[in-house]
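Structure first, commentary second.
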Amino acid sequence: MSISRVDGEELESAAQEGGGGGSGKGTWKHAAFHVATTIATPAAYAPLPFALASLGWPLGVGSLVLGTLTTWYSSLLVASLWQWDGKKHSTYRLLGKSIYGSWGYWFITMFQQIASLGNNIAIQIAAGSSLKARQPTLPMISQSIPFLILTAGFVSSQAIYKYYDSDGSLTLQDFIIFFGALELLLSQLPDIHSLRWVNALCTFSTIGFAATTIGVTIYNGKNIDRDSISYGFHGSTSAKIFRAFNALGAIAFSFGDAMLPEIQSTVIEPAKKNMYKGVSAAYSIIILSYWQLAVSGYWAFGSQVQPYILSSLATPQWTIVMANIFAVIQISGCFQIYCRPTYANFENQVLSKASNGKAWIRKSLLRLCFTSIYMALITLVAAAMPFFGDFVSICGAVGFTPLDFVFPALAFLKAGKMPKNPKLRCLVQGIHLTIAAWFSVVAVLGCIGAVRFIVIDINTYKFFHDM
């Protein structure tokens with residue numbers, strides 16, 4: 001039987017009543033694990049040294065600090081809207097509906113699906129690339145930073161499989177399938193709360209990747225003739241401007257998190273206070289990893305730093321392999337967070353009727369079937385189009401920017417507790433409108449850059465190409 005758009009909203013609202021799906025069981029520490037897993041991925045912050053090199057020290061560091069503080073603030077804004085009207089809105093879609101009505105629900109659904117599907121296809125490719133080494137084609141992609149943010153594993157100069165078996169015959173597609181099988185297994189966990197220990201491991205892997213990469217970067221930097229390091233800009237004026245635009249996009253998109261209300265719904269009361277603590281704890285990790293890696297990478301290699309920092313590192317090779325292991329572990333949890341909106345749509349509309357008696361067997365089998373189909377499609381696209389990262393750049397611009405910057409800023413103006421002082425209220429309105437407008441511009445620039453490299457990649461690669 002077909003379900004209308006309004007019925008879909010009502011089914012989800014009913015399913016979320018009473019805190020289903022592990023709602024209200026997690027602590028602020030669990031929230032920190034979830035937030036850190038969704039944001040602080042190696043694919044997000046490994047290209048940041050190159051972003052700084054494209055902007056220079058003053059503008060690069062300033063943009064990084066401003067991007068961090070803006071996204072931290074936006075995350076707190078979303079958390080502050082928890083039960084803003086006295087009702088619980090445990091998904092981003094329901095929060096959008098409560099503020100903007102039915103169109104808000106469906107627009108948020110569209111943005112979230114674009115972000116999650118694109119992100120997960122890129123994660124499949126990145127994981128396969130990190131498990132299997134390939135030498136990067138850096139001249140072609142040296143300016144496509146959005147490509148690198150979401151498919152960072154493409155440019156690993158040394159990874160796990162080739163380190164142990166340099167003559168191995170396994171292809172990128174084989175490792176994409178292996179990673180897909182792992183994600184299918186993890187997909188049987190029922191909800192985000194059940195992933196708390198998986199994401200705890202992922203958070204520690206984030207710290208491990210950052211610590212390893214920062215340490216090896218400083219080690220390599222000290223062994224380089226410092227007089228040979230230049231921090232100037234190279235190329236034509238148009239190339240410099242284009243790289244600067246891409247760098248701004250890289251910094252903005254590196255903080256993407258389209259799942260905050262879903263994470264908040266897993267936290268015990270007072271959910272708002274605990275989410276504030278969880279978000280702040282996660283951003284403490286983000287600051288320690290993002291800022292140190294960005295600065296140390298740019299310091300060590302100057303304007304010659306590669307778009308993916310691991311490609312700049314030469315020795316010791318075993319540490320680069322270890323960094324790739326940390327990367328694969330971390331993005332396995334990030335994948336799970338972002339596939340949950342799709343699973344939730346299926347469960348709300350199909351599994352909600354099976355709730356009593358032996359229905360759990362039917363629900364488990366249906367869930368296995370659906371998750372298998374989902375993983376098969378994601379794996380097929382990732383294996384067939386290993387250059388999908390350029391398309392994902394557009395997905396990031398269209399999906400992440402509205403949910404991470406535009407919606408929080410505008411939604412708070414409509415539903416948040418505004419200051420009573422007229423001057424302060426005007427200041428808050430100006431800041432929020434500036435955030436929404438500026439990051440919309442950044443999203444457009446990211447799309448323009450992505451289209452350029454889509455044309456290059458389509459003319460360069462074939463389907464099922466072994467990168």
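Placed from the backbone N, Cα and C atoms, the Cβ positions cover glycine too.
According to TrEMBL, the feature region 'Disordered' maps to 1-25.
Marked as domain 'Amino acid transporter transmembrane' by TrEMBL: 25-449.
Annotated transmembrane segment per TrEMBL: 31-52 (among others), in sequence order. Note on the transmembrane segment (31-52): residues 60-61, 63-64, 71, 75, 122-123, 126, 145, 148-153, 192, 195-196, 199-200, 202-203, 206, 209-210, 213, 217, 246-247, 250-251, 253-257, 259-260, 263-264, 266-267, 274-275, 277-279, 281-283, 285-286, 289-290, 293-298, 301, 305-310, 312, 323, 326-327, 330-331, 333-334, 337-338 of its chain, located 6 or more positions outside it, place their CB under 8 angstroms from a CB of the stretch.
Sequence-distant contacts of the transmembrane segment (64-84), counting only residues of its own chain at least 6 positions beyond either end whose CB sits under 8 Å from a CB of the stretch, comprise 35, 39, 48, 51-52, 95, 98-99, 251-252, 254-255, 257, 260-261, 264, 271-272, 275-276, 279-280, 283, 286-287, 290-291, 294, 404-405, 408-409, 411-412, 415-417, 435, 439. Residues annotated as transmembrane segment in TrEMBL: 64-84 (among others).
What TrEMBL lists as transmembrane segment is 104-123 (among others).
Residues annotated as transmembrane segment in TrEMBL: 144-164 (among others).
The feature transmembrane segment is assigned by TrEMBL to 198-221 (among others).
Per TrEMBL, the feature transmembrane segment maps to 281-301 (among others).
Among the features that TrEMBL reports, transmembrane segment is placed at 321-339 (among others).
The feature transmembrane segment is assigned by TrEMBL to 365-385 (among others). Panel annotation: around the transmembrane segment (365-385), residues 117, 120-122, 124-125, 128, 172-173, 176-177, 180, 183-184, 187-188, 339, 342-343, 346-347, 350-351, 354, 391, 463-464 of the same chain, lying at least six beyond its termini, place a Cβ under 8 Å from a Cβ of the stretch.
What TrEMBL records for 391-413 (among others) is transmembrane segment.
Taken from TrEMBL, the feature transmembrane segment covers 433-455 (among others).
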